[in-house]
2 protein chains.
Amino acid sequence: MLVKEEVGSKERVYVEDVKKAHGDEVLVRGWVHKIHDLGKFGFVHLRDKTGIIQLVADKEILKELRAEMSVEVVGTKVENSKALGGIELQIKDLKVLGKTYYDMLPIAVTQGKTKVHLETELDHRGISLRAPKKRAIFKVQEEIVTAFRDYLRGEKFSEIHTPKILGTGTEGGSEVFTVNYFDRRAFLAQSPQFYKQMMVGAGFERVFEIGHAYRAELHNTWRHLNEYVSLDVEMGFIKDENDVMDLEEGFIRYLFDYLRKTCTNELKMYEIELPEKVEIPRIPLSEAHKILLGKYSKKSPVGNIDAEGEILFSKYVKETYGSDFVFLTEYPVAKRPMYAMPDGKGMTRSFDLIYKGLEITTGGQRIHDYEMLKENIIKFGLNPEDFDFYIENFRYGMPPHGGFAIGLERLTMKILNLENIRESTLLPRDMKRMTP
Amino acid sequence: MLVKEEVGSKERVYVEDVKKAHGDEVLVRGWVHKIHDLGKFGFVHLRDKTGIIQLVADKEILKELRAEMSVEVVGTKVENSKALGGIELQIKDLKVLGKTYYDMLPIAVTQGKTKVHLETELDHRGISLRAPKKRAIFKVQEEIVTAFRDYLRGEKFSEIHTPKILGTGTEGGSEVFTVNYFDRRAFLAQSPQFYKQMMVGAGFERVFEIGHAYRAELHNTWRHLNEYVSLDVEMGFIKDENDVMDLEEGFIRYLFDYLRKTCTNELKMYEIELPEKVEIPRIPLSEAHKILLGKYSKKSPVGNIDAEGEILFSKYVKETYGSDFVFLTEYPVAKRPMYAMPDGKGMTRSFDLIYKGLEITTGGQRIHDYEMLKENIIKFGLNPEDFDFYIENFRYGMPPHGGFAIGLERLTMKILNLENIRESTLLPRDMKRMTP
């Protein structure tokens, strides 16, 4: 540690390191997690970022303490097989660092499974996240992001940051938020789609971005957010969309290995065993439609699959291939954006990735030829002039390319088998929620 | 490489790896950087993400080529001391991957120093970034971000993602963009200040965020952007603001070592030698004012230092301490936000970091006591009820904490001695620019 946290001659020890720390006396810091008052003395659980440890406090100290205050403690290590982790600290000195000002905690932090309503939890995020099991979700999320970045940097991808304030709605769609930008109207980016393609062409060849995306969708469901973190990828010099699927499949494999190593405790808290083997079947949408109809009498909308269909088809894939994932391929031209590469048979070289019954990715090969792109924009009833800044890039030798985007909160939710996407969002934004 | 880029039996070789690649024949991909037609044959420079290599092309091939088209080439390696990197490729097979559609390139990519106006460069980002020296800026920027993340994760910080759509203007200021959020008015975050503090209290203890921040400032200068990337840090259980400055100083040291290793070529292109030793003086603002007045007859605004003052004072610090950096400390209460920790003498425990004449950071210790914060909000003429979701966090044992934020584009600009912050922004947003 470069930053010493000293008090007098003592350096702070994190709870997870107490056992191996030198000396009999250690200094710890954290929050009062639980107080068990036995009259003449009591047991106190102290919680820090890394874990929980038992303190033994006398009467005088006990009466100073309230749940969730933050304290600094110098204590003597005592082995105790009944204590958490087999060790406790006899308090020698205790200093209150952060006082409390409440009559009753809005949420009980000590319960593994919070019993309050999700909305109450979200209203009091600063306190509900103190429950180790809740905070664990974001440890997993952080490591997903780290794995994504490490994997792609290892594959020669460059990390970029593109603007979220746009002069034109990204894909000409209607579900965009408007911003009052000085005397003009601007839009919040629905995705970095145009910019990541631009950067492939600008010579980065392979790029990724971890950033917010905005959707003004009028859905308030367990799987929709109006602001989310998009893990975006775009790759130049591909052969076709299979290169893009190979990349994503490689990432999922890397991710699961990485999470098993870095989030052992967190996965255990949620009773998750990540599969050792990841082999993702690639199935054309039309075939999925047939299977859904034949096996489950489930009709699908034209050129797509609905939420119920995603769940049923995932069930089928799990039973048939033993996979939690499936790539749906060959979406029809009319149902994909104007930049999707047609395959010459009325379909596009695009795909969705479904994971445990939920779409977590849309991707595919893009059109890279200037004339073809312009024609396609016109075919879609759009005006090429509105996309001038975008199509300009295609004049100068844009290589074949493609990419995908993963919704970070959706991936986190599904890995941990959470029920609502808001559980895997630090501070969600939806139609009804703008605070905290 | 997990993703094989094969053509027939051949795997793509990046230009930087051609020399060490096995076999006499290699397959490369990239853009036609330069064509030197000698009649019967010619030299072609091929540029990929990693470098430039010379190709030898015959007449037939030459007439197919145009500058900036993207191609795939199979060629035979020939040592040639006159060629770039001492090696060239005799073209055996060439395939055009991305055609060109232009009469004249808007910007000449081959010039090291582009001679066009910055605005033209920004208008044509997809082509201007093809100049290796321009793209090098973003390699350095990417490695700054990587160093920031690696350093902080090594210090037990957690990466977080907080919302940019807010129900309340972050700090009650006026320079915020408004968003039409369904039937309500929302704001774009000026900083993740409140949220990073909340997450320290929520048990993460130490957090960082790499994300966009928005300022609706009416400045159109060489150092202002309306959308920028903020490298934000917040740390709990500190003693005072010096812990925060120690952390930032430690980061700068780590960063410079890291850039020397990872951006050797890029730093060379800009003729930058990063100092081996970083020791940053900490000077109270009042003392800086005296020095500016005494030494340069420069008057400063009350409780601050202006752009000219920053430049002059940096000059003084460089001459006196040999440092490109200086922490200005002890800013007066009236000039800092309501959450800045007072030092009991009318000043705050806050600081700015000036680097080569430009402020790149504001930071400090924050108020952590609930009553003190509420009183301070009232003192500032604000209404605590407007900050309910923020001050609620201070009821439950908020530990002493502080943090800082670095403007990524400013840091990049100053490291490379660029003249305008737009040069270190992939796609800048300012009062006049919303595209590309």
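Backbone N, Cα and C atoms are what each Cβ position is placed from, and that goes for glycine too.
All TrEMBL annotations are machine predictions without curation.
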From B:193-196, B:237-240, B:249-252, B:425-428, the residue range that TrEMBL assigns the feature region 'Aspartate': B:193-196
Pick from B:GLU271, B:GLU273, B:GLU359: which one does TrEMBL list with B:ARG215, B:ALA216, B:GLU217, B:ARG223, B:HIS224, B:LEU225, B:GLY407, B:LEU408, B:GLU409, B:ARG410 for the same ATP site? B:GLU359
Which numbers of helix, strand and coil residues does DSSP report for the region 'Aspartate' (B:193-196)? 4 helix, 0 strand, 0 coil
Can you grab the distance from B:LEU408 (ATP binding site) over to B:THR362 (L-aspartate binding site)? Cα atoms, rounded to a whole Å. 13
Return the maximum Cα to Cα distance in Å (whole number) over the record's ATP-binding residues: B:ARG215, B:ALA216, B:GLU217, B:ARG223, B:HIS224, B:LEU225, B:GLU359, B:GLY407, B:LEU408, B:GLU409, B:ARG410. 18
Applying a 10 Å Cβ distance cut-off over all chains shown, what neighbour count does B:THR362 (L-aspartate binding site) have? 20
Provide, as an integer number of angstrom, the distance between the C-alpha atoms of B:THR362 (L-aspartate binding site) and B:ARG410 (ATP binding site). 13
For each of the binding-site residues (B:ARG215, B:HIS224, B:ARG366, B:ARG410), count the other CB atoms lying within 10 A of its CB, then report the residue with the highest count. B:ARG366
